[in-house]
Structures are given as structure tokens and as C-alpha cells.
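As recorded in Swiss-Prot, the features of this protein are as follows:
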- 1-142: domain 'Globin' (DOMAIN)
- Ser1: N-acetylserine (MOD_RES)
- His59: O2 binding site (BINDING)
- His88: heme b binding site (BINDING)
Amino acid sequence: SLSEKNKAAVKALWSKIGKSSDAIGNDALSRMIVVYPQTKTYFSHWPEVTPGSPHIKAHGKKVMGGIALAVTKIDDLKTGLSELSEQHAYKLRVDPANFKTLNHCILVVISTMFPKEFTPEAHVSLDKFLSGVALALADRYR
């Protein structure tokens, strides 16, 4: 679980990187479909599933919008993300293992885009936070 120190570190990092969330989302989603090509199956209804394509950019923006929401709901991720959990479980039918895959890609992108801000403390806190987000999103799968 997230300590108060972790929560403060996530909020502090987000205050510095949040304005770049669209670029982070595009890069993270682009990285995911290249490094983990099996994830492309979730986007087979798109005319083009390539890094940086308009659909990837748009979905990356949505994903990071969800992360931004999670930052505001950091004290109760399960309740705060319940609608997103329901959508991913029943409508989109995303395998929850893919949340961890995308989380890893988000961490890699943030570390490369913001090396000064991505301190060891920020890394640990953000990793724990994203794991909490993944757990909250997987809640409705049970």
C-alpha cells in the first residue's frame, strides 16, 4: 500500500510531468505494441495500429487521463477507479495482466523523458502507485 510519503512523491512528480501526459501516453502505448506485440489484438478494430498513429495518440491520451484521475483519487483508488474497472472488465474485456505491461512502459517513458525528476524515491513511489492502479482496475474482474 502507499504510504503518505509515497503519495506525496507521486503528487510531486505528477505536478512536474502532468503537462506532458499526452506525449507520455503516446510513447508508452507505442512502446507497448512494439515490445509486446500481442497487445495489438485489443486494438484490431483500428485501421492502423502503429507507433504514434492517431489512434495510439488518442488512446494514450485517454490512458494518461485515467492516470491523472487516479492521482486525484490516490487515497481510495478502488472506489475512485470503479467505473474504469467496470469498463475494462465488462465492455473492453482487457486481460488485467496488460495493466502491468503498460505500467512498465509508462515507467520507462517517464524515466527517459524526466531523468532528473525520476529519482529513486519517485521511481519506487510511482511503481507502487501504478501497481495500485492496476489492482483497482482489476477489481471488477472478480
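Cβ from N, Cα, C; glycine included.
The residue listed as 'heme b binding site': 22 other CB atoms within 10 A of its CB, across all protein chains. Fewest other C-beta atoms within 10 Å: among the recorded positions Ser1, His59, that description fits Ser1.
The residue listed as 'O2 binding site' sits 13 Å from His88 (heme b binding site), taking the Cα positions as reference. Between the CA atoms of His88 (heme b binding site) and the residue listed as 'N-acetylserine' there is a gap of 23 Å.
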